[in-house]
Amino acid sequence: MFGLKSHQKELIKLSRKCVPKLTPKLYKGQCGKICVVGGCEEYTGAPYFSAHAASIFGSDLVYLLCEKRAGLPIKGYSPNLMVHPYLGDSYSSTHGFQYDFERVTSLVQRCHVLVVGPGLGRDEQMLQQVLQLVEEAPTLGDDHDRCLILDADGLFLLSSESYTERMQKALKKYGDDRVVITPNCVELKRIMTTLEVDSVEKVSEKLGCITVAKGQIDVIVNSLGERWENDYEGSMKRCGGQGDTLTGIIATMLGFSRAVGDFKLASLEGDDAKPLSWAKMAMLSCFIGSTATKLASKAAYEKVGRQLQTTDMNNMVGEVFEKLYPSQPN
Ligand SMILES: NC(=O)C1=CN([C@@H]2O[C@H](COP(=O)(O)OP(=O)(O)OC[C@H]3O[C@@H](n4cnc5c(N)ncnc54)[C@H](O)[C@@H]3O)[C@@H](O)[C@H]2O)[C@@H](O)CC1
Ligand SMILES: Nc1ncnc2c1ncn2[C@@H]1O[C@H](COP(=O)(O)OP(=O)(O)OP(=O)(O)O)[C@@H](O)[C@H]1O
């Protein structure tokens, strides 16, 4: 399949244990409730790509929490997403917008997985609102195993001198390997400088998280130092937004893993399958995110060539899911 190597095929096979089986007894939301936090006046594409990829890779409910002025454009991209423009930047706040943290928490406490950062921007008020959310999210409602994915401006919060102390403290409140960070090469360097460490392993250990260090080869390392490398080729077109597709797919896989591991739904391997540990499911979720993103990029490049945009790639994400996990007969 797609020129994948045998060890990659083995991991894809194992990941079937993370994917819930569809049955007539399921109700809405059991196969994942995701909230993407990002989107501001300048960037409306990034959170959309993440949320859209999460939807078409199979999550049941995908919410998008964004800046007030980003809400309408993003709603216009898709009626499938539930867009909540409850965040306010410095401009909105001086033009009649009143920030209400309770509206935010009532949304977030329903969600199994949060993606924080795509297209968030660097406005001071937005960063403060999101930092508070990252701090409170692990203790909201009854769910204390909520997962968090940090990317883009969410990673800026981690590497910036002004916010890093609070962010590092906040990440400690999440369970082991419940936080995933997805830095590109430049973001990784900034994080390593701020944390004063010299390897991906030390980043993961210090934060108690999984790091997906993106590049030609994606390097995935968990908090115990387990290291996987994904050298599947993908495509050579480097348009902006491919990292957003990645966070959306990882979010869906973490939501699936929670459905099977935390909420005990049957997986594609059936009820008798020996369950995997959370550590293994979380690593597999990141590996599938990386593989499916590269597969979508390759498939889109084969279709449209060098004009490839993230919209082309995102359009392949559902097809990639079907190739990885062919549908059971209905
Ligand atoms: N359509 C959209 O709305 C998009 C919005 N985006 C958002 O744009 C905002 C700023 O993101 P930036 O990524 O520009 O962040 P930064 O302003 O931190 O810039 C990072 C810089 O690093 C460079 N870089 C990345 N990988 C590199 C590598 N391997 N070697 C050398 N240089 C490398 C990039 O070209 C970029 O200039 C974020 O909020 C992000 O989510 C991006 O996600 C792209 C798509
Ligand atoms: N040289 C490369 N060859 C193949 N795939 C790559 C290469 N560099 C990055 N990728 C893939 O592209 C995806 C996004 O990585 P990238 O480094 O572009 O992130 P990013 O800069 O954060 O993206 P974004 O534009 O969304 O902010 C990852 O899945 C990664 O595997």
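Every residue gets a Cβ built from N, Cα and C, even glycine.
As annotated by TrEMBL, domain 'YjeF C-terminal' applies to 11-324.
Here TrEMBL flags GLY119, ASN184, CYS185, VAL186, GLU187, LEU188, LYS189, ARG190, ASP244 as (6S)-NADPHX binding site. Using a 10 Å Cβ-Cβ cutoff, CYS185 ((6S)-NADPHX binding site) registers 10 neighbours.
A C-beta separation below 8 Å, combined with a sequence spacing of at least six in one chain, links CYS239 (ATP binding site) to LEU308, GLN309, THR310. DSSP assigns CYS239 (ATP binding site) to coil in the three-state reduction, placing it in neither a helix nor a strand. The ATP binding site annotation in TrEMBL covers 214-218, 234-243.
Each residue contributes its Cα atom, and for GLY243 (ATP binding site) and GLY119 ((6S)-NADPHX binding site) those atoms are 11 Å apart.
With a cut-off of under 6 Å between the Cβ and any atom of ligand 1, the binding-site residues LYS214, GLN216, ASP218, GLY241 reduce to GLY241.
Residue pair ASP218 (ATP binding site) / CYS185 ((6S)-NADPHX binding site) shows a Cα separation of 10 Å. Neighbour counts were taken as the number of other C-beta atoms within 10 angstroms of each residue's C-beta; across the binding-site residues GLN216, SER235, the minimum falls on GLN216.
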